[in-house]
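Data first, discussion second: the structure below is written as structure tokens.
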Amino acid sequence: MKCQFCEKPATFHITELSEESGTQEMHLCEEHAKGFLNKQASSPVSAISSALADKLGQSAENLEELDQKECPVCGISFFEFRNSGRLGCPYDYTFFESDLRPLLINVHGNTEHTGKCPTRSTGTADSLAKMIGLRREMEEAIEREDYERASEIRDEIKALEDPFAAKSVKKEGQS
Amino acid sequence: MKRDADFKALAQFMGEWMRGEGPESDIAISTRIRLARNLADFPFIRRCSDEDRLSIERSVRARMESLTDPQFQAANYIDLEPLSELDRQLLVERQLISREIAESDGSRAVAFDPNEGYSVMINEEDHLRIQVMKSGLDIKSTWEQVNRLDNLLEEVILYAFHQQYGYLTACPTNVGSGLRVSVMLHLPALVITEQMDRVFRSMQKINVTVRGLYGEGSQYSGDFYQVSNQVTLGHSEAELLSLVADEVAPQIIAYERKARESLLNNNRDDLHDEVSRAMGILSTARKISSEETMHHLSKIRLGVSMGLVEHLDVKAINQMFLQSQAAHLQTLQGGVLGTAERHARRASFLQKQLTGKSDNSWN
């Protein structure tokens, strides 16, 4: 593939991501990519926009392989994410973790949440993955009027919740 | 929660953020903070089936109804799917819903309090978008309110949350705190004195976005700008709020004040002339577009704030800004109108507001 702006081969495949306009794909040679990224960094009104160019020199083949990767929970491919700028389910943050990291660093300059935490949560990433499947199963059980199974699944879902703050336990105790 | 809404009554009402009161309200129109949240047991909207969306909408509504807090009990809850385009547009103009949710498909809804101090969008880009709006620059109490709503909802909804990445959102640009704090500023003097570029430049290095509102492309109308935080991951809510509340917004407001002062000292006659001409056009025009209206109303608003216009206050101007927009105008006039008729009725409406009388026969 050739660079969008010259005859040199495109070695940089950049997905621009902004809240307002979704995504835009760029295929650039090293020189034009540098220019583009520098301009991005100094562009004044640019919304949260960033480059999804892992280690910048990512080869076209690697990208192709990555594009095929699909989340086992929601089925979104990395290609679909790159094109839409939107992820398919909470588990994607775990499944595509190493691929998303460079993007998070680019956008936020950080990968570690330091703010507010909810009083209850799904705990581990695995339970987050199970949660969506279990809820679907429960709906199916209700559909076929298998209420016993539905109630079992409800308990399984409840067990996945992790009240990691004592506050919520106290709250429940009070009510 | 109330399940129906009188859109004509809504269009006549001046909601919380249009009151024209609160700190710095001559320049800071409103403060808005929104939190993006998702349910743990559903895919994000993009990978939701129609049934998923319906389940989310129903389950969130039921859980909101279960809350005994008066803020939720008194709320209006509007199912957006069956609404007409005009009614949805009206909610967009009132900033109760986003353009994105108005134009999307499938089950989606909004809950808001009668004062329009908060709204919760269901099935926007994220399952939940909780936002609180206040008149003027008032970040502290806006945050307290939105945090409270979030806490209440969290009691009945299990959020998608990750120990490392925080609140998980459909777009990675919102992950972490899911918080966006935005202050809407009216900056006509910085525009007249051609200093907006300098403001943009000074903001670019500190993770803040400044963008024009109500405009197409680079041609912003009405001199309204929205200042908001860019990043959401790796900074606490307090840090993000302080960036906008303590550093950026006060700095831009100070620039605007300085520019206004210099206009008054050096170009008072020119300024007065421009304000008076704007007044002349809006009180005598027979047909006018919404863009031209914005342009002149902005000048008049500046004139009011600087004591060059009598008999009008900021609140009255805010009302004209809102009610001269297409969906408000049509709703107040009783239904869908073509462009030419909208322009004529807008002119007539403005004339009546500014002079107390109208030449046109339909008023």
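Glycine is treated like the rest: Cβ placed from N, Cα and C.
Its own atom aside, the Cβ of B:G212 (ATP binding site) has 20 Cβ atoms within 10 angstroms in the protein chains shown. Annotation source TrEMBL lists ATP binding site at B:30-34, B:R129, B:180-184, B:211-216.
Among the features that TrEMBL reports, domain 'Phosphagen kinase C-terminal' is placed at B:27-259.
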Intrachain C-beta neighbours of B:I33 (ATP binding site), sequence separation six or more, cut-off 8 angstroms: B:Q131, B:V132, B:I139, B:T142, B:W143, B:V146, B:L179, B:R180, B:V181, B:S182, B:L241
B:V183 (ATP binding site) falls, by DSSP collapsed to helix, strand or coil, into strand
